[in-house]
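Worksheet for the structure shown next.
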Amino acid sequence: MIIRSPEPKVQILADPEVKILVDRDPIKTSFEQWAKPGHFSRTIAKGPDTTTWIWNLHADAHDFDSHTSDLEEISRKVFSAHFGQLSIIFLWLSGMYFHGARFSNYEAWLNDPTHIGPSAQVVWPIVGQEILNGDVGGGFRGIQITSGFFQIWRASGITSELQLYCTAIGALVFAGLMLFAGWFHYHKAAPKLAWFQDVESMLNHHLAGLLGLGSLSWARHQVHVSLPINQFLNAGVDPKEIPLPHEFILNRDLLAQLYPSFAEGATPFFTLNWSKYADFLTFRGGLDPLTGGLWLTDIAHHHLAIAILFLIAGHMYRTNWGIGHGIKDILEAHKGPFTGQGHKGLYEILTTSWHAQLSINLAMLGSLTIVVAQHMYSMPPYPYLATDYATQLSLFTHHMWIGGFLIVGAAAHAAIFMVRDYDPTTRYNDLLDRVLRHRDAIISHLNWVCIFLGFHSFGLYIHNDTMSALGRPQDMFSDTAIQLQPVFAQWIQNTHALAPGTTAPGATASTSLTWGGGDLVAVGNKVALLPIPLGTADFLVHHIHAFTIHVTVLILLKGVLFARSSRLIPDKANLGFRFPCDGPGRGGTCQVSAWDHVFLGLFWMYNSISVVIFHFSWKMQSDVWGTINDQGVVTHITAGNFAQSSITINGWLRDFLWAQASQVIQSYGSSLSAYGLFFLGAHFVWAFSLMFLFSGRGYWQELIESIVWAHNKLKVAPATQPRALSIVQGRAVGVTHYLLGGIATTWAFFLARIIAVG
């Protein structure tokens, strides 16, 4: 049985020279229309009969596919919404900078970042809550922040609160501009579909403009503003005495005093004598021992190099001049011995299905965000970031969660593409078709891998718990008994530690101190970073990571590959992206929609990321973070207990969760007490989710009808008829509170602990 999706409006361009790319005044600006709730849907616009109406209103407001099937109109709405999103981002950034200007101890921190903690929030003395204003040093009382903004401001060369005010106002102006642009490009000059589908032009502009010129302008700012200002700060000059940014930009002699090559201007550039610039464009590797961050001259060099690459990349694609790559040609030439037609037809998919496009972008951005999390601690980019343990832990945790959500989003939109945009009648023997035809083999093999990893990884722990319980430490898997050393990881560490002098002859240290070989870097008697030893304990928990990630992928991929049909429900595509069951009279067909796979995938994503951040938090406290005395002896926060304690489940519960929860549990009466309240409240939110996840719709409908009866008795019954949440709505509310409660609990646990001991 072939299920046809509605035909999308395809308009692939033959002639690249398109003249008029916008429609003028396509849709009038109508406040009357906006004031009508649900104006985008005939059904919802009629107003509420039952309380389900408010749920449908929220579910469909941004589901532009449900408003119209016209791809051009959908594209315009998405484009306009992007400007709204940018406006919110600028507004948020403005708020951050304003807090730094108005409520923070930034200038004091700048003078003494090793003894003063960053704070940008002071609680008003209402009901005694001023207890939350802890002493962060230098006589300032406020809430310690862990966002890393102070470090990034210092790296940018911001030396006063006035500069923060100006930036905050600038961001507000940009927020207004973005709002205007969102309105203008939907109501006044809306791009045609052809403009959205002109991928070569888009690639050229994004690569050369956003990434190329963006990196180049940041490199320019670093060289002309950040480097000299940080040079002065590092030398102990009072921030008020340092020349202002524009003085460095306008007066070359000022820069030449710090970096002699500036005296020669652009001559070395045009005479190809580039090594002259090595005083401010370096290739050192390792960390600046003064600040514990990457060398800012290395970072400037990096952005200059990246800019060149992206500027070249932005000239590679064929637009009006008949030279360069065409994406369609590249994709259609992409065939292998086992891939049939290869990527034939993929160009049409990616230019007519924004869900398919978004799915790929989310998968890549999610992976990249997780890569950022790994690099923020192993290559700390900003001055004094590495010794601010609370910020390090927060940045790692934040980027891991964000990456996890983005990757689940990738699966969600891939499934929506399969249901709404995929047309099986036009796709034959291309890569996607071939994947779909052997999906049973893929999923069953992946399932086998999950079972194997699950039993073996947990089996190793259970073995250790059993041996430990029976008093047989000599029979445990550990660094002191039966060793399971991560030899491949150790080999990679060693290879990178040896790289300076061989693969990178100019570098004096490896890319990251964590590889080994180097000495530790300490700032103000606190460890910034040192070689991280890997042993049996890491080998065990890494296999738990492998297990949880593979199960997440199994659930999400099954949802995508079986989104349109399965043996159980051959006509699944007709039921849509989310549905509770395959109608009455077909038992055992509930919770099979693509949406339900996303729902289940979220729980396993939560499992995966939780284990990762727990591993990171304990490993760093045990083997990296700590203090160093004058004799060079390092005392770690948990005294290196990870290797011996984390090899049993009991050890994780006793020496990590319970032992490190003491700070949050005992926080009442101290400046950390808000975390104690959050810890309690977030546990409650998490438990509240179970009420939605464990009970059925009928239970609530019965309860509601009793309550409505009571209201009728008292003649206070509402006109809108109350309804229980649908099955899908209940699960959505459940998973939202589960994740919100779980993440906020972890946040309170981590921060109370690390602010107290870090």
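Including glycine, each Cβ sits where the backbone N, Cα and C put it.
These numbers come from a predicted model, not from an experiment.
What Swiss-Prot records for this protein:
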| type | residues | note |
| --- | --- | --- |
| TRANSMEM | 78-101 | transmembrane segment |
| TRANSMEM | 164-187 | transmembrane segment |
| TRANSMEM | 203-227 | transmembrane segment |
| TRANSMEM | 299-317 | transmembrane segment |
| TRANSMEM | 354-377 | transmembrane segment |
| TRANSMEM | 393-419 | transmembrane segment |
| TRANSMEM | 441-463 | transmembrane segment |
| TRANSMEM | 539-557 | transmembrane segment |
| BINDING | Cys581, Cys590 | [4Fe-4S] cluster binding site |
| TRANSMEM | 597-618 | transmembrane segment |
| TRANSMEM | 672-694 | transmembrane segment |
| BINDING | His683 | chlorophyll a' binding site |
| BINDING | Met691, Tyr699 | chlorophyll a binding site |
| BINDING | Trp700 | phylloquinone binding site |
| TRANSMEM | 732-753 | transmembrane segment |
DSSP state at Tyr699 (chlorophyll a binding site), helix/strand/coil: helix
Cβ neighbour count (within 10 Å, all chains shown) around Cys581 ([4Fe-4S] cluster binding site): 17
Rounded to the nearest Å - Cα separation of Met691 (chlorophyll a binding site) and Cys590 ([4Fe-4S] cluster binding site): 19
Most Cβ neighbours inside 10 Å, all chains, among the binding-site residues Tyr699, Trp700: Trp700
Rounded Cα-Cα span from Cys581 ([4Fe-4S] cluster binding site) to Tyr699 (chlorophyll a binding site), Å: 18
Cβ contacts under 8 Å made by the transmembrane segment (203-227) with residues that lie 6+ beyond its boundaries: 155-157, 245, 248-249, 255, 258-259, 280-281, 296-297, 299-300, 303-304, 306-307, 310-311, 313-317, 319, 327
Mapped DSSP class for His683 (chlorophyll a' binding site), helix or strand or coil: helix
Nonlocal neighbours by CB distance (under 8 Å) for His683 (chlorophyll a' binding site), same chain, sequence gap 6 or more: Gly741, Thr745
Where Met691 (chlorophyll a binding site) sits in the secondary structure, as DSSP reduces it to three classes: helix
Rounded Cα-Cα span from Trp700 (phylloquinone binding site) to Cys590 ([4Fe-4S] cluster binding site), Å: 19
Contact call for the transmembrane segment (441-463) against the transmembrane segment (539-557), three or more Cβ pairs under 8 Å: yes
Length of the line joining the Cα atoms of Trp700 (phylloquinone binding site) and Cys581 ([4Fe-4S] cluster binding site), in Å: 19
Considering the transmembrane segment (597-618), which listed stretch of 299-317, 672-694, 732-753 counts the most C-beta pairs under 8 Å: 732-753
